[in-house]
Amino acid sequence: MAVIGAAGRMGSEVCRAVEAAADLDLVGRFDVGDELGDLAGAEVAVDFTVPDATLGNVLHAVERGVHVVVGTTGWSDERLDTVRRALDERPGTGVLIAPNFAIGAVLTMKFAAEAARFYESVEVIELHHPDKVDAPSGTAVRTAELIADARRDAGVPAGPDATATSLAGARGADVDGVPVHAVRLRGLVAHEEVLLGSVGETLTLRHDSYDRVSFMPGVLIGVRAVGERPGLTVGLEHVLDL
Ligand SMILES: NC(=O)C1=CN([C@@H]2O[C@H](COP(=O)(O)OP(=O)(O)OC[C@H]3O[C@@H](n4cnc5c(N)ncnc54)[C@H](OP(=O)(O)O)[C@@H]3O)[C@@H](O)[C@H]2O)C=CC1
Ligand SMILES: O=C(O)C1=N[C@H](C(=O)O)C[C@H](O)C1
């Protein structure tokens, strides 16, 4: 196993988790400025870097037949297609990209998609530490997309909203018709709320990661599974059979 972004908040936690796992060997740690080379001979690389670097790292690994587990956010459909094309040249190699490896966050996305068709209104609030460089979070974007898909499939119209005038940003970002609000606050790690409402009731789904260890079981599940899943998998839910 090799870790790219090994000096970062997540990468260092992944290194600790791999070192504590009896069935995994940490053979390489790479961070900004390091030559990836043959990735120290690793069979699987884990990438927790920055949106601008992750695609290049993934392509580097795939070209060498190294499976990759990616937690870095900021993936567009176009970038995912680039990975798919690279994987076509390397049948047998697997890439797993997941915006969130915390089991509870994956379940929240699933539950939100289940609930979405039953409510008139739905909004997403994500809350993170202030050192995070992207907003809204990859998890919130994915959550909103899953909600929007479910509502489209069920023919649910857009949520009611009489706002006629507002300060820019007051109603959040529009992700596929779902308002997404981002909070940055010292003391937080990674948190998400999905608010659903109809006349006379609301449902609130909330997930809290208080510590980055919360992502490690999911990352290790991904590392152990990725070699058995050739091609591109987007979302840990597929590995968990949800
Ligand atoms: N999927 C999930 O479950 C989770 C995903 N994330 C995502 O993971 C990513 C990383 O988060 P986090 O660990 O908090 O961020 P950090 O900034 O703490 O870590 C990123 C690390 O990558 C390094 N880096 C930057 N560019 C490169 C490069 N080209 N090659 C190798 N290393 C590089 C950075 O170095 P330097 O600081 O010197 O630039 C830094 O050490 C983010 O996109 C975040 O959203 C976070 C938590 C959970
Ligand atoms: O940067 C973070 O911290 C996190 N990033 C991921 C995201 O953008 O969704 C996952 C989690 O929210 C923590």
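Note: Cβ is positioned from N, Cα and C throughout, glycine not excepted.
According to TrEMBL:
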- H128: active site, proton donor/acceptor (ACT_SITE)
- K132: active site, proton donor (ACT_SITE)
- G5, A6, A7, G8, R9, M10, G71, T72, T73, A98, P99, N100, F101: NAD(+) binding site (BINDING)
- R29: NADP(+) binding site (BINDING)
- H129, G138, T139: (S)-2,3,4,5-tetrahydrodipicolinate binding site (BINDING)
- 2-101: domain 'Dihydrodipicolinate reductase N-terminal' (DOMAIN)
- 104-240: domain 'Dihydrodipicolinate reductase C-terminal' (DOMAIN)
Where the residue listed as 'NADP(+) binding site' sits in the secondary structure, as DSSP reduces it to three classes: strand
Close-lying binding-site residues around ligand 1 among A7, G71, T73, T139, where CB distance stays under 6 Å: A7, G71, T73
Entries of R29, T73, K132 which, being recorded positions, have CA atoms within 10 angstroms of T139 ((S)-2,3,4,5-tetrahydrodipicolinate binding site): T73
Packing count at F101 (NAD(+) binding site) (other Cβ atoms within 10 Å of its Cβ): 25
Neighbourhood of ligand 2 - recorded positions from G71, K132, G138 with Cβ under 6 Å: K132, G138
Cβ within 8 Å of the mean position of the Cβ atoms of H129, G138, T139: remaining residues of the chain near (S)-2,3,4,5-tetrahydrodipicolinate: T73, P99, N100, E126, H128, K132, D134, S137, A140, A190, E192
Three-state composition of the domain 'Dihydrodipicolinate reductase C-terminal' (104-240), taking helix and strand from DSSP: 53 helix, 40 strand, 44 coil
